[in-house]
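Taken from TrEMBL as is:
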BINDING   Cys499, Cys502, Cys539, Cys542  Zn(2+) 1 binding site
BINDING   Cys508, Cys511, Cys526, Cys529  Zn(2+) 2 binding site
DOMAIN    271-437  domain 'Helicase ATP-binding'
DOMAIN    534-690  domain 'Helicase C-terminal'
Amino acid sequence: MMFASVIVSITASDVNKVFEYKIPEGLSDLIKVGHRVLVPFGPRQIQGYVVDIKDEVEYDAARIKPIIRALDIRPVLTPELIQLAGHLADHYIASYISVIETILPAALKSKSKKMLSLHSPGGEAELAWQGMNLPHEVEVKTLSASQLAALKPYITSGEVIEETVLTQHTKKKYARALKPTFAPRGDFGRAYKQLELLDFIEQHDEYVLLSEVLEHGYTSGTVNELVKKGYVRRTDVVVERDPYKSRVFEEDPPKELNSEQEYAYNEIIRAVEEDTAETFLLHGVTGSGKTEIYLQTIAHVLDKGRTALMLVPEIALTPQMVNRFKARFGDEVAVLHSGLSHGEKYDEWLKVRNGGAKVVVGARSSVFAPVENLGIIIIDEEHETTYKQQDRPMYHAAEVAKYRSRYYNCSVILGSATPSLESYARSERGVYTRIELNHRAVTRTLPETKIVDMSVEHRSGNISIVSDTLREAIEERIRLGEQTVLLLNRRGYANFQICQDCGHVPNCPNCDISLTYHKAQYSLLCHYCGYEDGVKRECDNCSSDEVTFRGTGTEKVEEILRDMFNTGIVRMDNDTTRRKGMHEKLLDKFEQEKVPILLGTQMIAKGLDYPNVTLVGVLNADTMLNIPDFRANEKTYQLLTQVAGRAGRHELSGEVIFQTYNPGHYAIDLAQGNDYRTFYEKEMAFRRLARYSPYYFHVLFTVSHETVQKCLEATTHIHQALVKSVTDKAIIVGPSPSPIERINNQYRFQILLKYKNEPNLLEVLHEINLHYNELYKKEKLSLKIDVDPKYIM
Ligand SMILES: Nc1ncnc2c1ncn2[C@@H]1O[C@H](COP(=O)(O)OP(=O)(O)OP(=O)(O)O)[C@@H](O)[C@H]1O
Ligand SMILES: [Zn+2]
Ligand SMILES: [Zn+2]
């Protein structure tokens with residue numbers, strides 16, 4: 001008799017363990033590690049994942065229940081991914097099942113519905129059933145409350161049975177197709193069209209899609225005639241949903257590498273040839289041709305018969321990157337795009353799982369792509385915070401990449417013009433192998449950058465958001481037919497509404513944050529919970545009608561720019577890109593129609609590579625400096641350097657202008673001088689003094705509840721638990737209210753643990769997590785434990 005260890009699909013912490021089931025004789029050949037199975041669990045039937053198979057168990061084998069059935073022909077998880085799930089659950093204090101369901105596409109997660117059916121016909125139950133005119137089986141959800149109440153006694157008595165039925169998120173997509181029968185041809189008379197169509201269809205051995213036939217100009221009438229005469233049969237075929245299918249990608253041959261690129265490439269190939277799990281930090285200035293190195297490294301890995309994983313911060317923002325991969329590798333690429341539907345994602349996932357794609361390109365969650373035999377993992381723009389998931393499990397893609405690389409003995413490349421301090425510090429210590437690219441691939445030089453002091457500008461009488469220097473520079477580009485990219489890290493119209501008599505600013509009733517004015521909707525919006533309120537005609541506080549707007553967002557700046565330059569502007573922010581595919585549409589418009597100005601929030605800062613962009617302006621370089629986070633300087637430096645990097649990437653040389661009220665600030669000053677090294681040293685000195693990462697590791701505990709009282713109680717307990725269990729070298733900061741004290745009517749309190757070496761820490765964290773998950777159920781308290789947090793808010 002064989003037994004399976006199964007992780008069941010229930011998220012409560014007390015079932016965060018492995019259960020044993022018998023494998024029925026008939027299934028013993030089929031069920032493998034990694035299979036999804038249906039198992040009995042208490043009164044229910046639920047989905048689970050087989051993580052181990054063995055021939056004996058510790059318990060009384062007679063009392064162990066059998067697996068009901070297997071849900072797949074082939075296992076969905078590989079042993080490698082199961083092992084990875086275990087590691088992540090442990091490292092990030094998450095439940096095993098939550099990690100497994102993060103690894104798999106949503107389409108494979110179980111979704112259940114409750115069904116009722118009549119068990120014993122005859123008698124009262126059947127009368128009641130028929131009285132309600134119910135079909136043989138009915139979903140509980142579709143019944144009215146009174147119907148359900150009427151059926152209740154029969155459910156209790158067992159005459160009506162309640163069953164949980166698993167459903168899937170996705171169905172296969174079918175399309176109408178035509179199949180030739182190759183029947184011997186009779187006389188077609190004058191029906192030339194029919195003959196022509198039959199020739200066309202018979203060119204296809206298997207089938208041809210009806211849509212394709214119609215596209216070729218044949219009518220459904222002609223098709224019908226052929227069907228009637230028996231030459232053609234109608235059928236439905238399963239189609240793969242490839243969202244890039246209808247596009248043509250121009251082939252892109254490899255470029256000849258310059259000497260810096262060549263050196264980097266050879267270093268990486270050395271590790272590939274040695275089959276070592278080495279991590280490279282590819283520190284290359286913007287436009288230095290990192291992508292070309294990725295492409296050629298991948299080509300080499302594919303030649304060796306291995307596979308590659310390429311991560312980008314956000315696919316929607318980098319359509320050019322996807323195009324370059326498609327152009328180089330064609331159908332061998334699977335793009336796991338977060339904008340796809342569940343079904344489309346599942347199709348791409350399946351293609352990867354079946355070995356139909358050797359290169360996977362995607363955002364954070366693609367790091368779990370079920371590729372086997374990995375030869376290289378690349379994380380582009382490694383400093384981006386999107387690589388860390390903000391929900392449980394709060395994993396970082398680089399951690400996953402490194403774990404997988406050890407399994408496959410393959411290398412990892414972390415690429416960036418502005419590496420995170422943590423990664424750069426590791427390269428200093430030799431943990432990562434650092435490779436530098438100091439020159440641009442095409443122009444060789446970086447754009448010249450100017451700083452404009454906005455307080456001087458205001459004093460000299462220009463109170464506009466556009467300085468004279470920037471205005472003149474934009475005017476010149478418009479004259480020359482070149483393009484400008486402008487960054488304003490603030491969406492909406494005005495920032496907020498304010499009463500000029502008492503200073504009152506309308507706040508969100510659910511969150512401790514002021515509401516942002518959006519002109520297009522003529523309303524005040526909360527950017528945290530989505531709350532919407534009408535614009536105030538008088539002050540809520542003192543009833544004065546002297547209410548006005550302050551601050552400037554992208555929507556308003558667009559208006560200002562239109563007045564100032566009277567020219568075309570593409571605006572990109574969360575408001576204009578909400579609809580699917582809008583990022584790409586707007587960028588295409590900007591490129592193809594040579595629109596003079598692209599204005600946007602930080603979503604325009606990275607990846608764009610347009611030869612005609614010769615000017616980049618940052619309207620307010622200070623916005624990031626004011627975020628309540630110890631990484632504010634680092635984020636400022638990164639954002640400014642990345643956006644500056646969009647200028648003059650090809651033949652035309654570029655110019656950059658930073659407008660700021662803090663011209664002397666080192667993050668701004670050193671971004672202007674493109675001096676990463678000095679920035680790193682200065683920032684490290686600050687981190688050392690303030691005892692922050694990378695000198696210390698962090699764990700952030702955030703407790704939320706609708707009352708302050710409960711938050712305080714819980715954080716105090718956690719504080720006590722920590723004091724008891726960590727060494728006196730660790731530092732515990734808090735409990736204190738989080739920087740945003742209330743979101744969506746939940747108060748938030750936090751504790752930050754800073755430590756260097758705590759051998760028992762994982763155990764302690766797991767205990768705290770377990771304890772509070774119990775409490776959570778009873779008191780609606782929520783605790784998030786963020787290991788290596790990217791935000792301290
Ligand atoms: N060896 C080369 N010869 C000619 N052109 C090159 C070469 N390498 C790269 N390029 C071109 O230089 C431009 C910049 O390269 P790429 O986009 O790869 O830089 P990057 O380092 O990834 O930039 P960023 O970090 O700013 O996004 C691209 O248009 C690319 O096609
Ligand atoms: Zn007022
Ligand atoms: Zn809100």
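Keep in mind that glycine also has a Cβ here, set from the backbone N, Cα and C atoms.
Owing to the predicted nature of the structure, the values given are computational and were not obtained by experimental measurement.
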Around ligand 2, within a Cβ distance of under 6 Å, which of the binding-site residues Cys508, Cys511, Cys526, Cys529 show up?
none
Rounded to the nearest angstrom, how far is the Cα of Cys499 (Zn(2+) 1 binding site) from the Cα of Cys526 (Zn(2+) 2 binding site)?
18
Given Cys502, Cys508, Cys526, Cys529 as the binding-site residues, which ones have a Cβ positioned under 6 Å from some atom of ligand 3?
Cys508, Cys526, Cys529
Where Cys499 (Zn(2+) 1 binding site) falls in three-state DSSP terms:
strand
Using only C-alpha positions, which one of Cys508, Cys511, Cys529 is spatially nearest Cys542 (Zn(2+) 1 binding site)? These are the binding-site residues in the record.
Cys508
An 8 Å radius from the center of the Cys508, Cys511, Cys526, Cys529 Cβ atoms defines the neighbourhood of the Zn(2+) 2 site; name the other residues of that chain inside it, in order.
Pro509, Asn510, Ile513, Leu515, His527, Tyr528, Gly530, Tyr531, Ile743, Asn744
Taking only the Cα atoms, work out how far Cys502 (Zn(2+) 1 binding site) lies from Cys508 (Zn(2+) 2 binding site), in Å, as a whole number.
18
Using Cα coordinates, what distance in whole Å links Cys508 (Zn(2+) 2 binding site) and Cys539 (Zn(2+) 1 binding site)?
15
Cβ-based neighbourhood (8 Å from the centroid) of the Zn(2+) 1 site, residues Cys499, Cys502, Cys539, Cys542 excluded:
Gln500, Asp501, Gly503, His504, Asp540, Asn541, Ser543, Ser544, Glu546, Val547
On a count of neighbouring CB atoms within 10 A, which of the binding-site residues Cys529, Cys539, Cys542 is highest?
Cys539
For Cys539 (Zn(2+) 1 binding site) and Cys529 (Zn(2+) 2 binding site), determine the Cα separation and express it in whole Å.
23
